[in-house]
Amino acid sequence: MNKSLSLLKIRSLPLQLLLIVPFVLQIFGAVGLVGYVSFKNGEKAVQDLAKQLMERTSSQVNSHLDSYLAIPHQLNQINASAIRMGLLNVRNGQDLTLNQRKTVGKFFWQQMQAYDVTYISLSLPTGEFAGAARYDGKTVTIDDVVTYTPSKPENLTTYLTDQDGNPTKVTATGTWDTLNEVVYTEPIKAGKSIWVRIYSFNDPAYPPYIAASAGRPVYDANGKLLATVAVDIHLLKLSEFLRSLDISRFGQVFILERNGMLVANSAKQQPFVVFNKETKRIKATDSPNPVVSALAKDIQKSLPNLHSLTHGEDLKIKLQGQLHYLHITPWRDQYGLEWFIVTSVPENTFMAQINANTRTTILLCVGALAVAIVVGIFTSRWLAIPILRVNKASQAVAAGDLDQIVTGGNIQELNSLANSFNQMAGKLRESFTALETSKAELEIRVVERTAQLQQAKDIAEAANRTKSEFLANMNHELRTPLNGILGYAQILQRDPATNAKQLKGVNVIYQCASHLLTLINDILDLSKLEVQKMDLYPQDFHLANFLASTVDICRVKAEHKGVEFHYQPAANLPTAIHADDKRLRQVLLNLLSNAVKFTDVGKVTFRVEPVDVLMESVHIRRIRFQIKDTGIGIPADKLATIFLPFEQAGKRERNIEGTGLGLAISQQIVEKMGSRIQVESVLGQGSCFWFEVDLPLASDWRLTQATDEKVMGYQGDRRKILVIDDHPENRMVVVNMLEPLGFKLAEANNGQAGLDTALQMRPDLIITDVHMSIMDGLEMTRRLRQLSDFATIPIIVSPATLSEVDMQQSLDAGCSSFFPKPLDFNGLLAELQRLLQLQWVYEGLPESCPIANTDDDADLLLPPLAELTALNTAIQGGFIGDVQQEAHRIKQLAPEYTAFANRVLELSQRFDDEAILRLLKRAV
Ligand code: ADP
């Protein structure tokens, strides 16, 4: 939950950001893309433009070279034709006269006027030579050479000329060995028109220049050499031409020879150097112009096979961080010149504008961004403010403040949102009001219904209380007479005067009363079951005796019905165990009596055996109780429900005896013991009920071991016992049980009287009931315990019912032992033995064993004789009822006669008329 909330927070973005970012990104993207594309297009256009420009320049240079360098050859052609045709008189092979040579010179002079060349010459095999020169580019001079002989070394004369080309003044003389000059020898060697050489001109009288010299031999019709003619052309004019090209304003154009020598360039530096007054040609790589030399070096590197270049080549070269476009085209002519025209333009010449445009684009981009952001912020504010208003109002509504009205704005959609919100808030208000109203109504209804329920509950509780009170009363009322019946049955069982037949009857009385008690207990148990308040009160008991007495009850019933009853206890059962014997008996009686009840023919088998399992403690044994019958059986579909209260499986008439409670209670008890009752049954064949419980062995059984021998008395001093009970019959049962054994008994009918009697007689042990008027048993115990004399005296609390008082409560009050009614004689004896450290004397023991003196009637204070007459008459007549009536009357006379009256009552209950007569004799 928290995690998803935080995720939501991370994922959700503010509206402003959402509106601004895409807007800005769009604009930025569009402007950037357009800028980039136009930049790229510009770059491409620049490249194309540069290429076109360079190609155009190259072809311009190409055609200029074609036309310019054709001039010397054309002139040579003209002159050769003139010679062959005899127009120039050189045919006879004779030495020319001065005039003839001058005519030639003048002819050349004339040609000079028409053509911008530096030298036109004629060399004759005779060694004569004639030429016209224009060294300074303006003045035309004529050279006249006679055949060179060592004797006449100064064979060259240079004349200035007049405006008609006639030689005027000699300006210089010199030596010219015509036949050994390359202008003569090379064309002859080649036998055709050729370029003789490219050379630099070194004459301090004239500005330096370089020139190319074209020559050809002239033969007559017979193939005889007549002469060689040559024309030199000014190569600096090429550089001038290159400089005149537009491109040279920002780029470079230069012409290279195959060997890398620079022919011409557009740079302002000359394509040669003057060193020691000598003009020297240079390689392009050595050009004083840094761009030219760098470009040349790069060409050398990039195109090592430059001479094999047949067509134009484009390069891009980076120079000092600057990109240069480069175009190289070869230029050749038929006379053996092989040159390369190099044009180059730096990229930035064109890119400058484009770069400026790019900068503008970027600025525009930034500007657009800023504008977009500002517009975005305003737009988003404009949008967000009404939304925030709705949001704030929604939050207020969520916080419970429903009185929210959102005002509209200028945006249609948000206006309708605000309207919808207002409508919604209105509806919510209405709903809440309705809800509040119905809630209030509901609360009123709840209060009313609660009151009704409370009333019903009170009624139910009152009814339940009445039921509980009724049950408790009934329980109490039924138990009191039962205590009498059971008590006296036990007393009679022990009375030697009871004969065998009577004893059997007494036994049946005892068993039936026990059964009745069990029924009462069942009813009580049910009410306890309802409130989950059933507890177990375990104690040590003799297992075999316990089982035998339980079996006896059922055996009687079985025999009565003519059903066989087999009791099969295993030989290795433990002697005594620690368990709630009453509850265990209740379960067994229920199962056994069911078996007998639902069996008409055949038998009921009761098996009890130890189960061999490994127990945690050696003091615990698992015992299996199994009750099997050959009765009517239980339908399979009922097996599960018979353990529920009021569930009966069989036919109505069969169940008349039962209540349907037994198994429910039994199962509950066995569950409390840590197990469950199991059942298997076949309809019409019989049923088998069994359960296994882990039972602790009785810790020190020997001490309290019951014996079949009859206790007759005890050794040692006579012990005094005080019995406190508001029911005389209950007191009587105890008195009659214990007095014959030699105890001295005193009685009291409530706690207060008990307290007084105790202080008076100082008993050795007290047996007290719980519920009594004036003061109850527990309160009396508490008070007694505060007195030092009674701090340790054993007090047995004997409640009428188990539900009356809790064992723990009694122990807390100071009771030594808890012994509920109806009293079990042997149990009571065991308890007395334990608490008073008694040594029993059994029937048939030698006389030597002193029994506590029972004849203390001597102590009794008798009323005056007159009061005893009626009693005497009654006893003489054997009217026990009258005797008892008289005894009660005497009791009322004075408290001091109570003991006597009680004694009489006690003896009368035992029908011991002899003993009463003996008492009365004493008075007489
Ligand atoms: P009840 O008081 O009716 O016997 P129980 O709780 O003891 O109540 O038994 C519930 C029902 O289970 C009986 O009514 C009977 O239908 C059936 N039942 C119990 N034991 C047997 C048995 N041994 N054989 C046949 N039916 C039995």
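Sequential numbering from 1, following the chain as shown.
Every residue, even glycine, has its Cβ placed from backbone N, Cα and C.
Beyond the transmembrane segment (15-39), the same-chain residues lying 6 or more positions past its ends with a Cβ under 8 Å from any Cβ of the stretch are 354, 357-358, 361-362, 364-365, 368-369, 372-373, 375-377, 379-381, 383-384, 387. Marked as transmembrane segment by TrEMBL: 15-39 (among others).
Remote same-chain residues near the transmembrane segment (361-384) are listed as 15-16, 18-21, 23-24, 27-28, 31-32, 34-35, 38-39, 410-411, 414 (criterion: CB distance under 8 Å, separation of at least six residues from the stretch ends). Residues or ranges marked as transmembrane segment in TrEMBL: 361-384 (among others).
The annotation domain 'HAMP' is assigned in TrEMBL to 381-433.
Marked as domain 'Histidine kinase' by TrEMBL: 473-697.
Look at TrEMBL and you will find 720-836 tagged as domain 'Response regulatory'.
Under the DSSP three-state reduction, ASP769 (4-aspartylphosphate) is assigned to coil, being neither helix nor strand. Positions annotated as 4-aspartylphosphate by TrEMBL: ASP769.
In sequence order, ILE724, ASP725, ASP726, HIS727, ASN730, GLY777, SER798, PRO799, ALA800 are the residues of the chain that are 6 or more apart from ASP769 (4-aspartylphosphate) and have a CB within less than 8 Å of its CB. Residue counts for the domain 'Response regulatory' (720-836) under DSSP, split into helix (H, G, I), strand (E, B) and coil, are 60 helix, 19 strand, 38 coil. The DSSP breakdown of the domain 'HAMP' (381-433) into helical (H, G, I), extended (E, B) and coil residues amounts to 40 helix, 0 strand, 13 coil.
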